[in-house]
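A.B. asks: Could you have a look at this structure, given as structure tokens, before my questions?
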Amino acid sequence: SHTQRRTMILAVLYVLLPLFEENLRAGATRLDCVRASEQCLKEQACSTKYRTMRQCVAGGKESNFSMVAGLEAKDECRSAVDALKQSPLYNCRCKRGMKKEKNCLRIYWGIYQTLQGNDFLEDSPYEPVNSRLSDIFRLAPIIGEPAVARENNCLNAAKACNLNDTCKKYRSAYISPCTSRVSTAEVCNKRKCHKALRQFFDKVPPKHSYGMLFCSCPLSDQTACSERRRQTIVPVCSYEEKQKPNCLELQASCKTNYICRSRLADFFVNCQPEPRSLSGCLKENYADCLLSYSGLIGTVMTPNYLRSPKISVSPYCDCSNSGNNKDECDKFTEFFTENTCLRNAIQAFGNGTDVGVWQPMSPVQTTTSTTTPYQRNRERNPNTIDNHINTDPGIYHFCGSLQRKFLQMVQSYLLFFI
């Protein structure tokens, strides 16, 4: 009856409203890991437990402390871990490009490995941005017309970069080390090239950096235009090696570096494909996917476009010499080469479209690809570090995103019960 349905709806709201309030409260109190660590060290109880946990990790080298001698020591380690779950360190995150990013990530992974386990693909250490491509378009319309146009949008994007002081400054800053030969054996200083590339994509506004990296190409000039796009990151220095490493070995190498490890985790979280989604993305957010992809550039896991008829990217590696791990290696590479979410996001940016929030529509017609089942990354509650609620426009994105999630949950329940 109508009365019963109304009672069920009220019951659903009664359950969900406290959860929504809890999400808002969590977002208001979350700190970056540097500040959380500083705050913890000022409090004697937290400081003692934090130091104990670090000693446990250093002594055990395992998240379960299996190497720590003695049951009493193991109990002390577990007690320290449980206590830290009540501290700001437990929920801390970092901001990409922040002043003390590497230190922040070092603290995050030390805490995360201990509290959550060692699988670095499970979650991203970065504070969610929750931006949208449409926001970028409003700031500056895409240069040129969609991909069917006669214009070479990649060339236009490079010209536009030169007219913007910030873009020109940081582009020049990476072109120099990425094109300067060090010796007859070394074409460049790859470390300096990578650092400059990271600064370019961290500091330059997306309307310019994305314009160069994700520009669309006219059908009449696919080859030359796509090659210009491929050359954006100076691949001879930043991408290519004398020999192609195995992709799983490259992944293991990436894991030893805090920044690379973090950027890769962020990429897996934000570009996770979802075949049942019209956008092709689990998170239904193209801007977050493109941001996480660009974050990989300048690490050992730097991806680039393949010379292929369709949009396809890959790190500079392959799956030869994988032995019994061939299937695992193929899954890893296919997350790049056959990633429908990433491909749709790149095409959407080039076409000046975005994910429809309330009435999702397929943003582009793309070559159907098989999405490899990969580890599902659990969704985090979107929230923000900033506490300037009255002045920071980012809070509106934060609240709007939470409202969207909340309303989607309510909608799901209503559809089920009504």
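Cβ coordinates are placed from backbone N, Cα and C, and glycine is handled just like the others.
TrEMBL: automatically predicted annotations, no manual curation.
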A.B. asks: Name the residue from Cys225, Cys237, Cys247, Cys254 that TrEMBL records as disulfide-bonded to Cys188.
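C.D. replies: Disulfide mapping in TrEMBL sends Cys188 to Cys237.
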A.B. asks: Check for me: which candidate out of Cys254, Cys271 does TrEMBL give as the disulfide partner of Cys260?
C.D. replies: Cys254
A.B. asks: Tell me, from Cys247, Cys271, Cys399, which cysteine TrEMBL puts in a disulphide with Cys317.
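C.D. replies: According to TrEMBL, the disulfide partner of Cys317 among Cys247, Cys271, Cys399 is Cys247.
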A.B. asks: Determine, on the basis of TrEMBL, the cysteine among Cys167, Cys193 paired with Cys178 in a disulphide.
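C.D. replies: Between Cys178 and one of Cys167, Cys193, TrEMBL records a disulfide, namely with Cys193.
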A.B. asks: Going by Cα-Cα distance, pick out whichever of the disulfide-bonded residues Cys40, Cys167, Cys193, Cys215, Cys289 is nearest to Cys317 (disulfide bond).
C.D. replies: Cys193
A.B. asks: 10 Å Cβ neighbour count around Cys215 (disulfide bond)?
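C.D. replies: Its Cβ has 27 other Cβ atoms within 10 Å.
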A.B. asks: What are the DSSP helix/strand/coil residue counts across the domain 'GDNF/GAS1' (154-237)?
C.D. replies: 64 helix, 0 strand, 20 coil
A.B. asks: With the cut-off set at 10 Å between Cβ atoms, which of these disulfide-bonded residues ends up with the most neighbours? Options: Cys40, Cys154, Cys188.
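C.D. replies: By the 10 Å Cβ neighbour count, Cys154 comes out on top.
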